[in-house]
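Encoded as structure tokens, the structure appears first; notes follow it.
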Amino acid sequence: MTSSFSNLSLAEPLARAVAEMGYESMTPIQAQAIPVVLTGQDVMGAAQTGTGKTAAFSLPLLQRLLKHESSSTSPARHPVRALVLLPTRELADQVAQQIALYAKYTKLRSTVVFGGMDMKPQTIELKKGVEVLVATPGRLLDHIEAKNAVLNQVEYVVLDEADRMLDIGFLPDLQRILSYLPKQRTTLLFSATFSPEIKRLAGSYLQNPITIEVARPNETASTVEQRFYSATDDDKRRAIHQVLKTRGIKQAFIFVNSKLGCARLARSLEREGLKTAALHGDKSQDERLKALEAFKSGEVDLLVCTDVAARGLDIKDVPAVFNFDVPFNAEDYVHRIGRTGRAGASGLAVTLVSGSDARLVADIEKLLKTKLDIEALEYDEDRPKGRINDGRRAWREAGETGDPRDGIPPPTLRERSERRGPREPRESYRGFRPAVAPRDPFFEKPYEASSATAAPAWEAAAKSPTRSSVSANIKPKRKVAALFKAVQPETSDQ
Ligand code: AMP
């Protein structure tokens, strides 16, 4: 069910902002939720990120707050009227950005506070006065305790991605925050699933909510083409190259199951000429936002992420999602592939399945209630087997036995040359030598595109002689001891 925004009689400043966003019709959650929120009723909405739910709650909320618009500079005239709580910093940042766009022609002010950043700039914004405050629970409590945020005039509270907030363990924080709010208010709760815990939360804090459910919790969008290719661990990167090339895909998310795998894969793809950044919980907030911005601006084409780090990322029109690792939890499969084919755009979700993944694939089949076809991927050319092989050839050349995938990384160039002992300096090395980053010849050969396919931008960039071989987004390799510590599969990386 879709319908036009013009049916809503939104105030002119909001209608103008929506028109500017280029939205032609409402998404199903918007068509159902906006009229209800406009009446001030509580809502319990089952909708995932990517369904347009931010506009579904923020447009009617802004419309109802318009009566409080004030051009006064006095902070007292801009108390917090609406509070939007989200589980992660990235999600908070993205929702705040969207709200700012919808409110841009109004006099309503909005800001966002989340952890991992200096509190001072957030405090300055809060002290100026804001009508709409977007926050993660922990940082909001810090500001409440520091008396930077006063919530006694809040009329609307939105608990967004409520299931994730409970997963992360925010329930006590939520309970404290809600205890500071006036009893008389509208509460909107959005969650991908209505688990018993979510129902209990709603039972305690919502009054006669209207339930809105747009997609069954475990449903995948029909606009996503799902492919499962069998690939050995050795062939997975090659498979990514192949799919990017044959489908002419420029940008993609690549999901992995561990932080360590995330950093390693990003580094390897970067070395193979793809503009790649890693997004995982060990990255500082600043690094994560930079990686996200770089992806949004097209500076980076592949974003390798863990499930937790990617949660709630709002990036429109990502043409493809790769599951480099089949997720441990089948539900994460649904979340992962929800990053593509969003808001009506079509998308491709490719899952690379190795011999040991049978049980995980069976879990996905059970969840989706469908039999999945695992296909063989055809490769364009026979490349030397060892070129993309997680460093095993370099490993063997260095005289190592065993398998680097046991968790021990292959020796670095420096380690290898130290074992070989000092060499006679080559002619060209005598005297002045420009600083050259150590390079592994193993990864030197650039990726070769098929001439039959139009070369996407990432290939051209990869061949550019001016480009450094490793981007600023990739952290240098960590010490071996640190790798040992991090080798277990992660459960949470926030
Ligand atoms: P959300 O589920 O709120 O994270 O929204 C996902 C994406 O869909 C955002 O990038 C929105 O800008 C976009 N979006 C929201 N509503 C619409 C709409 N009615 N038409 C097209 N895109 C939309």
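Keep in mind that glycine also has a Cβ here, set from the backbone N, Cα and C atoms.
According to TrEMBL:
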- 3-31: domain 'DEAD-box RNA helicase Q' (DOMAIN)
- 3-31: motif 'Q motif' (MOTIF)
- 34-212: domain 'Helicase ATP-binding' (DOMAIN)
- 239-385: domain 'Helicase C-terminal' (DOMAIN)
- 383-477: region 'Disordered' (REGION)
- 383-406: compositional bias 'Basic and acidic residues' (COMPBIAS)
- 413-430: compositional bias 'Basic and acidic residues' (COMPBIAS)
- 448-466: compositional bias 'Low complexity' (COMPBIAS)
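Mean pLDDT across the motif 'Q motif' (3-31) comes to 91 in this model. Taken residue by residue, the domain 'DEAD-box RNA helicase Q' (3-31) breaks down under DSSP into 18 helix, 0 strand, 11 coil. Per DSSP, the domain 'Helicase C-terminal' (239-385) is made up of 61 helix, 28 strand, 58 coil.
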